[in-house]
Amino acid sequence: MNKYLAELFGTFWLVLGGCGSAVLAAAFPDVGIGLLGVSLAFGLTVLTMAFAIGHISGCHLNPAVTIGLWAGGRFEAKEIVPYILAQVIGGVIAGGVLYTIASGQMGFDATSSGFASNGYGEHSPGGYSLTSALVTEIVMAMMFLLVILGATDQRAPQGFAPIAIGLCLTLIHLISIPVTNTSVNPARSTGVALYVGDWATAQLWLFWVAPILGALLGAVAYKLISGSNKD
C-alpha cells in the first residue's frame, strides 16, 4: 500500500506543481514565469519527488512510464493497474485543488482558459494539427523512457538519475508546449481535463494513446542500444 500512496502523492505534486505553475503563474502580469518557468516547474516536481519517494515506489508518476518500465523488464505486470489507478487519482485530486484555487479569481473559467489541458487543432497553443500532436507526444514519450531506463541502469553513474530525468522532462516541455501543451503523461492530462470537460475530454484519448505508444517504443529502443553492453 505504501508504494501506491507514494505514487498518488507524487502524481498529485506533479500536477499541482506543473499545471499549477501554468494556470496561476505563467502569465501573471509583469512577473509571469512563462514557458521556461512552466517547463522548469514540471521538471522540478519530478526531481524533488524522485528523491522523496523513489526508494518507496520508483517514482513513476505516469501511466506511460509504468507501462514502459514493464516493457523494459523493470516492472511487474501485476502492479501496472494499481500504480495507474493511484497516479490518476492523485492527478485528479490535484486538479480539484488547483480548480478550487483558480476559481477564487474573478472571471475564471476552466473551459475558456484551457486550465493547462492538452489539445490539438484549435486547442493546440500553436494551432498544430492532430498529426503533429500525435507525432510529438509519441517521440517525446519515447525519449523520456529511453532517458529513464538509461539513467536508472545499474551501469549508469549512481545518484544522478533524478537530475537527468527531471532535466529531460524540462527539455520535453521546452520543445512541445507550443504543440500540445505537453502531456507525455496520461495522468497529468486527465487530472485537469476532467475539470474542463467539453473539448479537453473529447481530445483526451490522444494523450493516453500517444504517450503509452511512445513509452513502449522507448523501451524497445533502449533494449536495442544497451543489449550489446550487457556482457
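Every residue gets a Cβ built from N, Cα and C, even glycine.
Here is what Swiss-Prot records for this protein:
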- Cys19: site 'Involved in tetramerization or stability of the tetramer' (SITE)
- Phe42: site 'Selectivity filter' (SITE)
- His173: site 'Selectivity filter' (SITE)
- Thr182: site 'Selectivity filter' (SITE)
- Arg188: site 'Selectivity filter' (SITE)
- 8-28: transmembrane segment (TRANSMEM)
- 33-53: transmembrane segment (TRANSMEM)
- 80-100: transmembrane segment (TRANSMEM)
- 130-150: transmembrane segment (TRANSMEM)
- 159-179: transmembrane segment (TRANSMEM)
- 205-225: transmembrane segment (TRANSMEM)
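Distance noted between the C-alpha atoms of His173 (site 'Selectivity filter') and Phe42 (site 'Selectivity filter') is 8 Å. Neighbour counts of Cβ atoms within 10 Å were compared across the recorded sites His173, Arg188; the minimum falls on His173. Taking Cβ-Cβ distances under 8 Å and a sequence gap of 6 or more within the same chain, the neighbours of Cys19 (site 'Involved in tetramerization or stability of the tetramer') are Ala94, Gly95, Leu98, Phe115, Ala116, Arg188, Gly191, Val192. Counting every protein chain shown, the Cβ of Thr182 (site 'Selectivity filter') has 29 other Cβ atoms within 10 Å.
Take the transmembrane segment (205-225) and the stretches 33-53, 130-150, 159-179: counting Cβ pairs under 8 Å, 130-150 has the most. The separation of Phe42 (site 'Selectivity filter') from Thr182 (site 'Selectivity filter'), Cα to Cα, is 10 Å. Cβ contacts within 10 Å of Phe42 (site 'Selectivity filter'), excluding its own Cβ and spanning all protein chains shown: 26.
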